[in-house]
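These notes concern the structure reproduced below.
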Amino acid sequence: MLLLVTSLLLCELPHPAFLLIPEKSDLRTVAPASSLNVRFDSRTMNLSWDCQENTTFSKCFLTDKKNRVVEPRLSNNECSCTFREICLHEGVTFEVHVNTSQRGFQQKLLYPNSGREGTAAQNFSCFIYNADLMNCTWARGPTAPRDVQYFLYIRNSKRRREIRCPYYIQDSGTHVGCHLDNLSGLTSRNYFLVNGTSREIGIQFFDSLLDTKKIERFNPPSNVTVRCNTTHCLVRWKQPRTYQKLSYLDFQYQLDVHRKNTQPGTENLLINVSGDLENRYNFPSSEPRAKHSVKIRAADVRILNWSSWSEAIEFGSDDGNLGSVYIYVLLIVGTLVCGIVLGFLFKRFLRIQRLFPPVPQIKDKLNDNHEVEDEIIWEEFTPEEGKGYREEVLTVKEIT
């Protein structure tokens, strides 16, 4: 019994060789891949990750739903990148690639537009007017709940300043527009974000990039004047004030010279005039001229988003419209004068006949034959040349 116990104890003791030689395994040990901890800040549009030691290469890019790739420039020692010209409301995928002297790292980050589909603001648009004011409008999403509320945020291209809407336009208590009377914080290109909130469900956001040159609506030209001489008319106007800093070469104008009292359906030809230092247009118009009106509108020569028409300026005279009427009046007056003259002559002729009636002809009572000539031409009975009249005597004897 003692021998059995002793043998069992000896079997449980570790083998001396096991204590001196480390255990070897046939399976290769693989270290778990460390995460780059990629993160994205939508306010600054900055994508960042944890820096790795001995980095030899790194890049970042995004892919949208249309498989378009945007890759900003990045140096090897940077651990972040910033995206400037992107919209996120359709959902994007960020991806970071980093290589070190020992291994490579890759990580993706999905950035979806969380919330119920169709709850985001729709039909978003903005326009600048009067050089200092801007209106933005949008519509409620078709699947948005009744208690939805939208909020507008604007960031300039440098992402250094965020503008919140100061004055909202409401429809049944829901924000559907925004009015801004101070545009000092805007740059040439700006990022617009419309967020939504609701107690019932999540609301998707909408974002857009807008260029101030494309959304500005010019005021019509001012100080429009027209001066005419006997043969020409000269139109002058003043360049409209704009939010952008533009020279006269950046403008294109259209003139609508319209003649008054024309037949309905008559189309007027629009006259295109390039911007000029003096802003003038000279066209032939001889006197007498009918009454006309002229109005002008302006646009950026690169975009041609036309302004409204200026107030119509009239020139010419209503008497000018009688140019063609004069002909008809002269014809009528001439006809009347001729009629009066003819009537006067006719009456005078009647008076003359009354004063000097015609002498009646002597009637031939012996011969009622009307075929006999009333007038005898004695020349027909001229004697023969060299002969005189001969008298013949006829003697009549009475026989018993």
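Cβ atoms here come from the backbone N, Cα and C positions, even for glycine.
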Among ranges 11-15, 31-35, 306-310, whichever one Swiss-Prot labels motif 'WSXWS motif': 306-310
Per Swiss-Prot record, range annotated motif 'Box 1 motif' [choices 175-183, 229-237, 355-363, 391-399]: 355-363
Beyond the flanks of the motif 'WSXWS motif' (306-310) by at least 6 residues, Cβ under 8 Å: 217-222, 224, 237, 240, 254, 256, 295-299
Alpha-carbon spacing, C126 (disulfide bond) to N135 (N-linked glycosylation site), which is rounded to whole Å: 6
N99 (N-linked glycosylation site) CB neighbourhood, other CB atoms within 10 A: 17
In three-state DSSP terms, the structure that N223 (N-linked glycosylation site) belongs to: strand
Close in space, distant in sequence - N46 (N-linked glycosylation site), Cβ under 8 Å, 6 or more apart: F40, S80, C81, T82
Reported mean pLDDT - the motif 'Box 1 motif' (355-363): 62
